[in-house]
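To start, the structure itself, in structure tokens.
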Number of protein chains: 4
Amino acid sequence: MSGNTFGKLFTVTTFGESHGPALGAIVDGCPPGLPLTEADLQRDLDRRRPGTSRHTTQRREPDRVKILSGVFEGVTTGTAIGLLIENTDQRSKDYGNIKDQFRPAHADYSYHHKYGVRDYRGGGRSSARETAMRVAAGAIAKQYLASQGIAVRGYMSQLGPIEIDFQSWEAVGENAFFCPDPERVAELEAYMDQLRRDQDSVGAKITVVAEGVPPGLGEPVFDRLDAELAHGLMSINAVKGVEIGDGFASVAQRGSEHRDEMTPEGFLSNHAGGVLGGISSGQAIVAHLALKPTSSITTPGRSIDVHGNPVEVITKGRHDPCVGIRATPIAEAMMALTLMDHLLRHRAQNADVSVATPVLR
Amino acid sequence: MSGNTFGKLFTVTTFGESHGPALGAIVDGCPPGLPLTEADLQRDLDRRRPGTSRHTTQRREPDRVKILSGVFEGVTTGTAIGLLIENTDQRSKDYGNIKDQFRPAHADYSYHHKYGVRDYRGGGRSSARETAMRVAAGAIAKQYLASQGIAVRGYMSQLGPIEIDFQSWEAVGENAFFCPDPERVAELEAYMDQLRRDQDSVGAKITVVAEGVPPGLGEPVFDRLDAELAHGLMSINAVKGVEIGDGFASVAQRGSEHRDEMTPEGFLSNHAGGVLGGISSGQAIVAHLALKPTSSITTPGRSIDVHGNPVEVITKGRHDPCVGIRATPIAEAMMALTLMDHLLRHRAQNADVSVATPVLR
Amino acid sequence: MSGNTFGKLFTVTTFGESHGPALGAIVDGCPPGLPLTEADLQRDLDRRRPGTSRHTTQRREPDRVKILSGVFEGVTTGTAIGLLIENTDQRSKDYGNIKDQFRPAHADYSYHHKYGVRDYRGGGRSSARETAMRVAAGAIAKQYLASQGIAVRGYMSQLGPIEIDFQSWEAVGENAFFCPDPERVAELEAYMDQLRRDQDSVGAKITVVAEGVPPGLGEPVFDRLDAELAHGLMSINAVKGVEIGDGFASVAQRGSEHRDEMTPEGFLSNHAGGVLGGISSGQAIVAHLALKPTSSITTPGRSIDVHGNPVEVITKGRHDPCVGIRATPIAEAMMALTLMDHLLRHRAQNADVSVATPVLR
Amino acid sequence: MSGNTFGKLFTVTTFGESHGPALGAIVDGCPPGLPLTEADLQRDLDRRRPGTSRHTTQRREPDRVKILSGVFEGVTTGTAIGLLIENTDQRSKDYGNIKDQFRPAHADYSYHHKYGVRDYRGGGRSSARETAMRVAAGAIAKQYLASQGIAVRGYMSQLGPIEIDFQSWEAVGENAFFCPDPERVAELEAYMDQLRRDQDSVGAKITVVAEGVPPGLGEPVFDRLDAELAHGLMSINAVKGVEIGDGFASVAQRGSEHRDEMTPEGFLSNHAGGVLGGISSGQAIVAHLALKPTSSITTPGRSIDVHGNPVEVITKGRHDPCVGIRATPIAEAMMALTLMDHLLRHRAQNADVSVATPVLR
């Protein structure tokens, strides 16, 4: 209820501050009998890990995850899975001035009003560091989904002003940007290099796609699959917008253009992004998310302190100039967690259902 | 769990099909002592009601709501509030052909795969008719929020290709489009008249704004206020995208531009849309939503039947050529329900908190 | 969250006051395709209905239930099922003195402190009248459970000082007490006649049994099947104690006596009441519940009014001298709802599980 | 949903197997600003810890708890509190025969049918070892409740056939049995010594009392305070019965005897156990729970193996001959968690309520 849990049947509850001793999660509801090792989780954690290129924060966290329960002799037992990542790169530093000041566009000011107290070291609970546990938990969901023929993958579709067309999944894995077009990577690198010289940051757009999803996932009327995806994706730090399928482009479309016609050979288009009436249609689920530019820049900004006095704030430290660059594995995790939860929810109520109607793709 | 409930502390559970005997809702968790009458709910229901202009469906439903419990001697008692709207305009008609066919871009196909059976009359549970109960429940939330100085209002910010700038709240109430600029209304009417002649439909964009929200609402990390708003707004029929504040425009922004600086006199901008780190900042909460063009058009479309055979479908009946026109009260309701829920959630945990720091707007 | 919902996957949300216009419920999560009519619900409602013998309250409510949604062409559709019972026997009477006084051992005093306001007519929300909706919802659960070979039945095992041994299920249906021994009915009638003459009330003990439950239902560690049964049964008005299997008799037992040994032919005893480690074992689930004597008696009692002044209270009206007499269908309903919920919860996570080990009974 | 979470606003989610690397919990929803140290949790953990007298298991676990998040500079921050206890006394032993056999009256058989796989070492998740995390989390609840003037304490009220009257809280803390009568301790010791010689086990009855609870806690109709207490207490390993107030004794009582009359000086009795209509009355909350004799005895018992073949089972190892002896801190924890949750739930909805009526005790 205090927001540290995601999902209803396949649930993930997390804890941990950026500068505390550890991050952790409890994954509950995982079906028993699923082969699972720490290496399965580490793969995605390594994709999210900071410090792997010059374009992300130079903070170095190995993000080594341990499975503390719920797995026995290499398979899940159906009981709660405890996960732990110890924080190692906690530089001792002087937080004296940050303690009583609010960094503009950070959570400092809103957390202060909410709780009265806060762990001001590196953002505490509001730090994007918590997303490490999302990725670890998401990897468990991905593992089960894969066993059902469902693949969840994402890529960067825009960096600042640079729009990127999808070329191939292979390309995505071969650069630090999750860029799906190998010919655009040099342009992205040049842009980022200039950005750092400008001491500024920039936003990004990420696209996530789930293929192989059976028709029928999602619950009318409030827990439609698209509504739950929007919830999960918007809960990622810095996300300011979510689209399913054509999203905001639908506003200017006509019905005769938007509707995805069907033939026995399949759907003729996928403007809907794989969701009809809030329920998966069997087509690929497609979502886009907008990430704002991080506010942790060294250009001074106007703000106030806890007493209401004006101050000038410079956010030093090791920050990502574009948080979107490392966001792809996080977005994949949130989509995987949402689909996993809905797979179980659908199964609970509708396990007996079988129809003769063919599944279109 | 099957998706008919919204909220965690202030909860709304609804039932009802478009062509069944009635729609209903149970609103749970309302604070006691709130003055409430059926007329308070009817006001918003009348704003959403079909058949009030030539630009919406000509189906005529009075949508007369009854309060069956939870209110005694004019005030809420704190117990569950039962609401009921009887359906009256259920034309008997021949559903023979629609029964076994899937209308393109409707929920027919996905519901069929989910449940095996479905109430095919007018969309059944997937009909936008269910949103009447959202509006009724939202009116209760608005009533309480108003008592706390919080106002939730919306307007149409784009109709098809026509973008509309906000001019005044007064204008919004004076036309059938919830258009905030009186000088654009004639243009909208002309567009809609042409659309009907084209036998087509179109999308729309709605903007919802909450003013007077105290800082501190929203729960890290998964139930951020923006994530929950995205959930609620995306759960409305036909919505394909949700933005908070600058939304997708943030992608191309720089951090030095996006961050909302603070001075003792207040925030200098509101790119964030009133949410920092997932927690309300005290500024106006601003959300935009994209509604797709309805698929219920009389232009024939290709589809299949339950046996997988190709069919041609024409959707007759009385449909809205732009579902966005009546969506403003629904969007307001979902934002009000979300804020109401978070007000109670915040209060539960943080009732003891008080800070000396001034609230900026 | 405000307590008007029971269950997590198969959920029942109710509303209604004893003297309001109607009672209602929304049953969510019911599997689609289940044959269901109003008559299926009415059967159990008639078993609970007041005024059927001289030993229960003479208030006459037909308790005629309507299904408003979620059932189409005779089968459930998987969407929310709306239920409604209109109140008809609301005698207008003078509540002048009851309004500001607290009847001893009633909810008046605690509700007053909780909410500040309350519907004082006949107990309002705290009246046992709300249990009608539990019975209606429970009948849906029973219908599905029956399709899976599970039967839930109850009987009166003690009335005041009179303990009753189980003789047959046939006997239970043939008297107004749900007494399983036909030879004890005359004794019960004589006891009740004397009780009325004494203007007093008395407690009762009810036993509920579920047969045919598969092994595996219940969730470690907090939502054990016995814990959830205790929750459901203790939530019934007037219940003060719940036992599973041998219950409090286990305190004085030794392990060598209590443990239910197993052979290939089955369990040798059922001290556990069908639950091992919180999970159903395949044996009959057996629960007992203690109901207190109703406090609505005409013998004057000492109390206070809302100002703290001493008053003498006499509870007039039409009340059950032993609320336990009509409690059997309610207890069955709560056990059925609990099992139904756990059947779906188990299925969600463990649908893939199959073991070769035989099921013992 | 898979049962590893307790509470709705103040929630505890736990993980951990008896022979895994660690136990853990996440406590969510704790109000910020509460002073909290690891020592505050350790106190109750030490009261539950095994191996402190010859009457409990000789397994030696220091049960040293670490706080990993949610506490900063000595006070809670309002964010999720991560707790960890590492397992240290995991004797390597041969589980060869236990692996495929079901110990009678243990969870082995029901877990096997539920999950197909299980961690058979020492009971895995079904081991009472998980209750350590309940005690740790309960200590946080107790800390907050104490700040509100609420004290939760328990004692042993019966050991096997020996009933114990309450004499003083001081006595409870001075012996290994939580026995409230110092003059009975020698008798209990003699009984236990004989029991060990008999190679048998026995049940016990525990009583838990909460004083200082304000009137108004509990939610009609399904989440009454007594129903939620029953849930929490029955979820403790080995518990087979729960009573509130007079419990099963109410069955034979008359209304004129059971009802607790009120005067301006206070209630005249407390048969109700502090709960009226499911809502706290302001009197002491009193609950009793029955614990069965543990099934882990060295006397051979008949059972089957996973193939359905008959086997003879002897449960060796270090087990408590009366699990009730260490159950008092666990019962206190579950009552504290339940009250804490309801305190927040009540506050969320009814923060505005204030009445002039005096609070009776």
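We count from 1, first residue shown onward.
Yeah, the Cβs are placed from backbone N, Cα and C, and that goes for glycine too.
The NADP(+) binding site annotation in TrEMBL covers B:Arg48, B:Arg54. Annotated FMN binding site per TrEMBL: B:Arg125, B:Ser126, B:Ser127, B:Asn237, B:Ala238, B:Gly277, B:Lys292, B:Pro293, B:Thr294, B:Ser295, B:Ser296, B:Arg318, in sequence order. TrEMBL lists B:40-49 with the feature compositional bias 'Basic and acidic residues'. Look at TrEMBL and you will find B:37-62 tagged as region 'Disordered'.
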Check: At the level of the C-alpha atoms, what whole-angstrom distance separates B:Ser296 (FMN binding site) and B:Arg54 (NADP(+) binding site)?
Finding: 17
Item checked: Rounded inter-Cα distance in Å - B:Arg54 (NADP(+) binding site), B:Ala238 (FMN binding site) -> 21
Check: Rounded to the nearest angstrom, how far is the Cα of B:Arg48 (NADP(+) binding site) from the Cα of B:Ser127 (FMN binding site)?
Finding: 14
Margin query: With the cut-off set at 10 Å between Cβ atoms, which of these binding-site residues ends up with the most neighbours? Options: B:Arg48, B:Lys292.
Written below: B:Lys292
Check: Quick one: Cα separation, B:Arg48 (NADP(+) binding site) versus B:Ala238 (FMN binding site), in Å?
Finding: 15
Notebook entry, point to check: Which number gives the other C-beta atoms within 10 angstroms of the C-beta of B:Ser296 (FMN binding site), all protein chains shown included?
Noted result: 23
Item checked: binding-site residues compared (B:Ser127, B:Thr294) - highest count of Cβ atoms within 10 Å -> B:Thr294
Item checked: Three-state composition of the region 'Disordered' (B:37-62), taking helix and strand from DSSP -> 11 helix, 0 strand, 15 coil
Check: Going along the chain, which residues six or more apart from B:Arg125 (FMN binding site) have their CB under 8 A from its CB?
Finding: B:Gly16, B:Glu17, B:Tyr111, B:Asp119
Notebook entry, point to check: For B:Ala238 (FMN binding site), what residues in its own chain, 6 or more apart in sequence, show a Cβ-Cβ distance under 8 Å?
Noted result: B:Ala128, B:Leu291, B:Lys292, B:Thr294, B:Val323, B:Gly324, B:Ala327
Next item on the list: Would you mind listing, in sequence order, any of the binding-site residues B:Arg48, B:Arg125, B:Ser127, B:Ala238, B:Lys292 that have a CB less than 8 A from a CB of chain C?
Entry: B:Arg125
Check: What subset of the binding-site residues B:Arg48, B:Arg54, B:Arg125, B:Ser127, B:Lys292 has a Cβ sitting under 8 Å from a Cβ of chain A?
Finding: B:Arg125, B:Lys292
Check: According to DSSP, which kind of secondary structure is B:Arg125 (FMN binding site) found in, if we only use helix, strand and coil?
Finding: helix
Margin query: Applying a 10 Å Cβ distance cut-off over all chains shown, what neighbour count does B:Arg54 (NADP(+) binding site) have?
Written below: 11
